[in-house]
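A.B. asks: Below is one structure. I have some questions about it.
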Amino acid sequence: MSEQADMQTDEQHYDPQALQVKWQRRWEELNPFAAPATPSGAGGKRYMLDMFPYPSGDLHMGHAEVFAIGDVVARYFFQKGYDVLHPIGWDSFGLPAENAAIKRNAHPAEWTYANIETQANSFKRYGISFDWSTRLHTSDAGYYKWTQWLFLRFFERGLAYRKGGLVNWCPNDQTVLANEQVVGGRCERCGAEVIRRELTQWYFKITDYADRLLDDMAQLEGGWPDRVLTMQRNWIGRSEGADVDFVIEGRDEPVTVYTTRPDTLYGATFFVVAPDAPLAGEIVSEEQREAFESYRAEVAKLSDIDRLSTEKEKTGVFLGRYAINPVNGERMPVWAADYVLSDYGHGAIMAVPAHDQRDLDFARAFDLPVRVVVHTGLADPGETGVATAGDGALVNSGPLDGLGKTEAIRKIIEVLSERGTGKAAVNYRLRDWLLSRQRFWGCPIPITHCADCGEVPVPDEQLPVTLPDLRGEALAPKGVSPLASAEDWVNVECPKCGGAAKRDTDTMDTFVDSSWYYLRYVDPDYEDGPFDVEKIRQWGPIDQYVGGVEHAVLHLLYSRFFTKVLHDMGMVDFTEPFTRLLNQGQVINRGKAMSKSLGNGVDLGEQIDAFGVDAVRLTMVFAGPPEDDIDWADVSPAASQKFLARAFRVMAETGAASAPGADVATGDLNLRKTVHKVVDEVTKLMESHRFNVAVARMMELTSALRKAIDSGPGAADPAVREGAEALAVMLSLVAPYAAEEGWERLGHPASVARAGWPVAEEALLVEDSVTCVVQVAGKVRDRLEVSPDISEADLQALALASERVRGFLSGAPRKVIVRAPKLVNIVP
RNA sequence: GGGGCCGUAGUCCAACGGCAGGAGACGCAUGACUUAGGAUCAUGACAGUGCGGGUUCGAAUCCCGCCGGCCCCA
């Protein structure tokens, strides 16, 4: 800073860094955001929750955005006088810590807890309104003890179980993944292509809750973004159809297939089994076995995405066997083909080539018959190669002939039910949640495996099963859990029979940890259970949740599932945990996600050093609607800083010119109207989460105050003070440091964060006159200043009397639309 | 292939079916204050709302089709 500037430095100089140092210390003493032990019930409660961070180094731009936006909501709740719970914790189990530990020959906890400290300090500097007494870490034994406790309750209820089967395996992270963690055939974490492996793993029976997860979304309509609800609906993928039993020649048990189009049963001309389904290997004829085995080996290399691609040429092998169509007794060849997945329905389908494109592609590739059974009026699929999936009258279908789709489905289900060869059925895309992970830094699964007793739960009083002290090389991925190598830890007595037994060596998916953390925040040190049931009754459910859309079907689905199970256990009285959800966008740079390889990363610490916390936060909030991505190249933290300096000077100058307590009624009326109008608008904008527009209104107010001080009633006018005080309070949601200092300059004790939201006076929102637009044929031809409560008749007369309007009229108007007091449209 | 969201000044973003004298901001230009300005203050220019239809007294806004972008499911 130049000497000149130093000399200019006066009471009104805005120095963000100095304010940060000053107020961070003061806030530590004041602790303005401590939640009451229980909400009083009088003024209402608000549980405001940000998705808790993973401690991967210091906070970054993405965190800065979520928490800036979440904090606007939280601080608004505080200002409105609610009892607010705004907690913070860390999702502190997970792979990056483990990988860092391997590289540094250290323990994952060292890296994890060091990063948590760094982030905690950054949060404090960033001025987020957390109640720090709520702080929790999912990797604390005091926390994961209860994750284990919950697992055991799920186990008791049959909601946690072990089964063998094909699972998604990430060859890079050397662990299995849940379906939700496979995105486009790749590992959601690291992007490696996922392969299939046959393994015995632990699952949560989320499919038992599929219907409730679907139905309870009705509660979330309007509170959650539609697209997240749609994504969850798609993910659950409920479809209605029928299970149809097909006899396979030479097999005692019939094979059930699921179809959404049982009405087309007469059009089934062949039968397809997933090559990786056990059924295929079982029924393949001796002559075809060799061909089948080599085909199966090929298919094993493919991802589901490849298999389902409509682009890909159809492949398959005839299994040398025939299935019998239950309605017409036809023999249909049984094929194995990769376009049928082993986990869809029952791993086998009836193929109706005329009315399903993939079946048709397959039929054409292998010269199988195509039979039209729905008359859609479109050309024969056998000729065109285009399947007809639409509605129409059934043909070649015995008793179904002439019926439409809906009727035919009803009828065929009736027929099948009578014969005992089928029934109406519902199918889901959702699969059970695979929760085992072959990694170290997670919550151990509290199960002991005993040769005699089988899976034996660790008794509650022995919880937590703590992690052994492994570090460095011992954690290197080898395809089995690192825990397996900790022999002292693994070998235990069976809790049931006392014989030799082994601990389960897998750890839980970290999404288990985060599926219930919001419940523990009400008392993170609670020792009589995972959470204080009574406190959750009072604080829950979460009124506003803020976080990224990347969890649309991961964390959010799992948490909803947990909540429902806990509801069934009588531990929570609500069935949906998050009443309202706000998905903020990403912070990108020059059109692309920030990444090391692109070299377009922006460092949050540097931005804060350069512009100050308030300016960075303001930039995040002002950039656009909260759901939109922010391209850092399109926004200007420098401009934010400039505005804050302007706003600060207004507050400081006002504070220097007057003291609190003046009679506002004596203030400049025009300015007062502006102030109250802005307050009214900002209030509504906050309620509807249009924070960027709210900031624009604060800018207008600042400009109005500037003008009033410079060339209006002057800084000492009570209206200026009223406006400056309102500005300080509203600004505190976005720029807490500048607002706090401004509030102090205005002569008020800290903290501005709890000063109370300004209330717009109705009387001051009424305009003396409004501008009425007079249109002729929809084009503006004149403007009239009229009273806001002018009658339609008076307004019409006034408009028709206008000289300027009459110039555009040649005779009596055909029609006059009057929307008093703002518009008249004359149709000539 | 199905479903959804979105296209407004050079840029980001506003606008209950009713004035696009764009709310706000970036950038640009001009002026004032200045030794100077990257500070501050003031002023100004820049789009007719992706394209084509329709509904309506009136459409950025509602409906249909197309183009372009993003997301989900396949």
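Using the three backbone atoms N, Cα and C, a Cβ is placed for every residue, glycine included.
So TrEMBL lists the following for this protein:
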type    : residues  : note
BINDING : A:Lys596  : ATP binding site
DOMAIN  : A:23-220  : domain 'Aminoacyl-tRNA synthetase class Ia'
DOMAIN  : A:233-416 : domain 'Leucyl-tRNA synthetase editing'
DOMAIN  : A:430-631 : domain 'Aminoacyl-tRNA synthetase class Ia'
DOMAIN  : A:671-791 : domain 'Methionyl/Valyl/Leucyl/Isoleucyl-tRNA synthetase anticodon-binding'
MOTIF   : A:53-63   : motif ''HIGH' region'
MOTIF   : A:593-597 : motif ''KMSKS' region'
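On this model, are these features tucked inside or out on the surface, and what's nearby?
C.D. replies: In the three-state DSSP reading, A:Lys596 (ATP binding site) counts as coil. Other Cβ atoms within 10 Å of the Cβ of A:Lys596 (ATP binding site), summed over all protein chains shown, number 7.
Across the domain 'Leucyl-tRNA synthetase editing' (A:233-416), the prediction's mean pLDDT works out to 87.
Remote same-chain partners of the motif ''HIGH' region' (A:53-63), defined as residues 6 or more beyond its termini with a Cβ less than 8 Å from a stretch Cβ, comprise 90-92, 94, 96-97, 112-113, 115-116, 118-119, 122-123, 126, 548, 586-587, 594, 602-605, 607, 632.
Same-chain residues lying 6+ beyond the ends of the motif ''KMSKS' region' (A:593-597) with a Cβ under 8 Å from its Cβ atoms: 61, 586-587.
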